[in-house]
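Here the structure comes first, spelled out in structure tokens, and everything after it is commentary.
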Amino acid sequence: MAEPLSAPMKGKGNRVLQCAIAVTGIMSTLLVYGILQEKIMRVPYGINKEYFRYSLFLVFCNRIMTSAVSAGVLLASKKSLDPVAPIYKYCAISVSNILTTTCQYEALKYVSFPVQTLAKCAKMIPVMVWGTFIMQKKYNGKDYLFALLVTIGCAIFILYPASADITAYNTGRESTIWGVSLMLGYLGFDGFTSTFQDKLFKGYDMEIHNQIFYTTICSCLLSLTGLILQGHLLSAVDFMFRHQDCFYDVALLSTVATVSQFFISYTIRTFGALTFATIMTTRQLVSILLSCIWFAHPLSWKQWIGAAIVFGSLYTKSFLRSKPQKPQPHAPGPNASSGNDNS
């Protein structure tokens, strides 16, 4: 009689183990990614206190590693490397994703990581806007209410900082106007990226690593071209030769960014976009707290209220869904990350 009961118990145990792997993988890689991102862009290197200013070079390094790994996965699984969709559609995702990531890195020159991380939570609104235009989706009043609450919470967090920033890593370049402008650019481009990815997955029978490979290959070529035209390629390489600790930081940043892609794909395939969105919300909260501790960012009581509004709204939205989303084997849902450095 014990045998019929053992199978469900074993299946449940495997499910718990799979969830633990997904949570651990996403949280660990993206937390390390967040710390390295802030360190590279905001902490000076060397005796002369030089700042790394080549955000497009970080995009290039991340994409070249991701494209190599995704090609290896496709070859190891004996899947075709041929493009499934027209190349220009991969390029559209690539261009918007490069702009997204560049805005993300550049914003760190002007605002702190906690401000940037919380502002990312407001991506629901641009996703809804792009979803309406590109996918002809319709959203109910509850979706708009939660999006409004998150936006209000983000606005409180950004507009009411602590009166004195005591951090030793204050760059002296802080500018709320420039920082917010870049974050608005990030949100707009990121919303387009994830929505167009969704459209591409649904329009073609596309394996997720096929899209990653061609999107990142396009990103490599575009970011390399941008570096050459700006004259920043040799300057960035020279900077890392002069500061080996920066080289190690960039190499580790690219590694954890690549590894996180596979944990993200695994989580969405296995548990669906709703579970993934909940994990990502928790990760953002932990990232803010960790950054405040690691880089000594003070938070005002109004910022704590803003953060509570944002995360309270996101968790409530997740738990109040009457019909949980089915696991989506191809594309993330409207609240999920687009997968390339946008988390």
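Cβ coordinates are placed from backbone N, Cα and C, and glycine is handled just like the others.
Among the features that TrEMBL reports, region 'Disordered' is placed at 322-343.
What TrEMBL lists as transmembrane segment is 16-36 (among others).
Feature annotation from TrEMBL assigns transmembrane segment to 56-76 (among others). Note on the transmembrane segment (56-76): residues 40, 98, 101-102, 105, 207, 209-210, 212-213, 216-217, 219-220, 223-224, 226-227, 230, 232-233, 236, 250-251, 253-255, 257-258, 261-262, 340-341 of its chain, located 6 or more positions outside it, place their CB under 8 angstroms from a CB of the stretch.
The transmembrane segment annotation in TrEMBL covers 144-163 (among others).
Residues or ranges marked as transmembrane segment in TrEMBL: 175-192 (among others).
Sequence annotations record features per position, and here TrEMBL assigns transmembrane segment to 212-235 (among others).
The transmembrane segment annotation in TrEMBL covers 247-266 (among others).
Look at TrEMBL and you will find 273-297 (among others) tagged as transmembrane segment.
Sequence-distant contacts of the transmembrane segment (212-235) (same chain, six or more residues past either end, CB-CB distance under 8 Å): 54, 56-57, 59-60, 63-64, 66-67, 70-71, 74, 81, 83, 87, 90-91, 93-95, 97-98, 261, 339-340.
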